[in-house]
Amino acid sequence: MDFSRNLYDIGEQLDSEDLASLKFLSLDYIPQRKQEPIKDALMLFQRLQEKRMLEESNLSFLKELLFRINRLDLLITYLNTRKEEMERELQTPGRAQISAYRVMLYQISEEVSRSELRSFKFLLQEEISKCKLDDDMNLLDIFIEMEKRVILGEGKLDILKRVCAQINKSLLKIINDYEEFSKERSSSLEGSPDEFSNGEELCGVMTISDSPREQDSESQTLDKVYQMKSKPRGYCLIINNHNFAKAREKVPKLHSIRDRNGTHLDAGALTTTFEELHFEIKPHDDCTVEQIYEILKIYQLMDHSNMDCFICCILSHGDKGIIYGTDGQEAPIYELTSQFTGLKCPSLAGKPKVFFIQACQGDNYQKGIPVETDSEEQPYLEMDLSSPQTRYIPDEADFLLGMATVNNCVSYRNPAEGTWYIQSLCQSLRERCPRGDDILTILTEVNYEVSNKDDKKNMGKQMPQPTFTLRKKLVFPSD
């Protein structure tokens, strides 16, 4: 069943109370003023899509919403996710996208009876005028009104506690549990990065193009270095797709997609480079999407306890946010990287998971000074286009993704030389790893080298962009 049909079917089965709950739990992403026009679940889904909180390749927020409002039937039927899976997922720190504060308020609203709701309104008359507390207001509406008046917030729970104590002391336990959780979380986040062995920090996804101020705020977590002593350091998968005859035959929109001539040069460069850096190379050529998932599943289930790192390189065609298998089927990049979260691959928890992706993803040019492209008209260079704000890696520590290009811009492949990105990456790794440079320093140099190349025919340029949630410096010793 396709993505839109799934959302439609889910929306049709959510009543007005469900919608009110979903809107409340989404307040940190869609402000109350912008929620006012939302009259049904489909409109809410549309707003979430606009905020990039709901995508075909990333249903985690929708799953969490349905789990929180206890619509487990929809979770199982349409999203193929069981309650136990969600419980395990949300127990991993940093994975929950709905704040503990908002979940706490929602839990209170679920425990308050109609008579207690009337008492709630009566006891708040000093803080909120009676005309605002009309008969139709539910407790979630009251919480929103309290937040507007700044008498309720993550650090403002006194009035709520006073009212709950008068109405039903069991409600206080929900608040106390939240406060205890907040204290534990605060104290744990003040600890050393070494205290987290399985990606358990609350971490944001960063890119090298983030502002200096944002990077400075994270710099302390990079002061230490990931352990890199095992030999081999880890597995290095190289999924190298060249022959797209199946795609041309089976997928009408890809009838003119070209074979990726020259990709063997990239695969060879990656093999030589990472062998020198003591990785065990695992090559896989001309893989369908199903085969790619099967390969990743094999390495997800492997025991990496004696390894210090994992690398996966994918060389293929693609489109916005996805890569193509040789059969023309699509694999969302986020789904590929997410195969190696701490929950799915515990033996890699706390260890760096590195992905390098060279994939043709469109036909737009980044304007600059004027090489040719491996599109239908040009036989030489491949064009990569990424979707704006597309999510590529999990919101979990220890991931790094090197994409060949920034959003909405092409990348280039020369059949006689390989791609600008992979060739520059391998050259920089071979030159700078023996000096002890860390991977972000190296990728910054790759950005510089690639950005100085010109596509003179199309006036195009290319700028790679890494995205990462690394907690420490990542160095690949050559000795």
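Indices start at 1 and increase along the chain as displayed.
Quick reminder: no glycine exception, Cβ is built from N, Cα and C everywhere.
Quick look at what Swiss-Prot annotates:
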- 2-80: domain 'DED 1' (DOMAIN)
- 100-177: domain 'DED 2' (DOMAIN)
- Ser188: phosphoserine (MOD_RES)
- Ser211: phosphoserine (MOD_RES)
- Lys224: N6-acetyllysine (MOD_RES)
- His317: active site (ACT_SITE)
- Tyr334: phosphotyrosine (MOD_RES)
- Cys360: active site (ACT_SITE)
- Tyr380: phosphotyrosine (MOD_RES)
- Ser387: phosphoserine (MOD_RES)
- Arg413: (Microbial infection) ADP-riboxanated arginine (MOD_RES)
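Each residue contributes its Cα atom, and for Lys224 (N6-acetyllysine) and Tyr334 (phosphotyrosine) these two points are 27 Å apart. For His317 (active site) paired with Tyr334 (phosphotyrosine), the C-alpha to C-alpha distance reads 16 Å.
If you draw a 10 Å sphere around the CB of His317 (active site), it holds 27 other CB atoms from the protein chains shown. Taking all protein chains in view, 20 other C-beta atoms sit within 10 angstroms of the C-beta of Tyr334 (phosphotyrosine).
Over the domain 'DED 1' (2-80), the average per-residue pLDDT in this prediction is 92.
In terms of DSSP helix, strand and coil, the domain 'DED 2' (100-177) has 53 helix, 2 strand, 23 coil. The residue listed as 'N6-acetyllysine' falls outside any helix or strand according to DSSP and counts as coil. Mapped onto three states, the DSSP output places Tyr334 (phosphotyrosine) in helix.
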